[in-house]
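First comes the structure, then the notes that go with it.
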Amino acid sequence: MVDVAFVCLGNICRSPMAEAIMRQRLKDRNIQDIKVHSRGTGSWNLGEPPHEGTQKILNKHNIPFDGMISELFEATDDFDYIVAMDQSNVDNIKSINPNLKGQLFKLLEFSNMEESDVPDPYYTNNFEGVYDMVLSSCDNLIDYIVKDANLKEG
């Protein structure tokens, strides 16, 4: 079993959306050896459910997110793969834990997009655009993890 964590600022918009989408794609592909989490680098939303905009877009696409609440990325977290939404989160993660054991990426490294950062829909209100960015990256991320961790699909 490998652990993957998506990380954004408050863990109410981008990273919980990515967690829910990734779980759905893993279910669709019948991959059971990847456990998905999400975390935030800021503590002001701890214990809160996903943002209303994230909930609406996930509901629109019939992707479950039951029981998800905001959690903080901590130095003691031990994930195999850490996927940040933007460079600021990469910097925050490295500051929180300068001795990371897991592999650290930005999500859009797994997309064909020119952008390198997933914009925060908390400020842009573009939840649909973020959904498209996350969805376009998840299968490539899954392919990478399956190969890197020598997992079986199906």
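Each residue, glycine too, has its Cβ placed from N, Cα and C.
So that you can see what the record holds, here are the features copied from Swiss-Prot:
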type	residues	note
ACT_SITE	Cys8	active site, nucleophile
ACT_SITE	Arg14	active site
ACT_SITE	Asp120	active site, proton donor
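In this structure, the active-site residues Cys8, Arg14, Asp120 were compared by how many other Cβ atoms lie within 10 Å of their Cβ, and the smallest count belongs to Asp120. Cys8 (active site, nucleophile) falls within a strand segment according to DSSP. Note: the Cα of the residue listed as 'active site' and the Cα of the residue listed as 'active site, proton donor' are spaced 7 Å from each other.
DSSP assigns the residue listed as 'active site, proton donor' to coil in the three-state reduction, placing it in neither a helix nor a strand.
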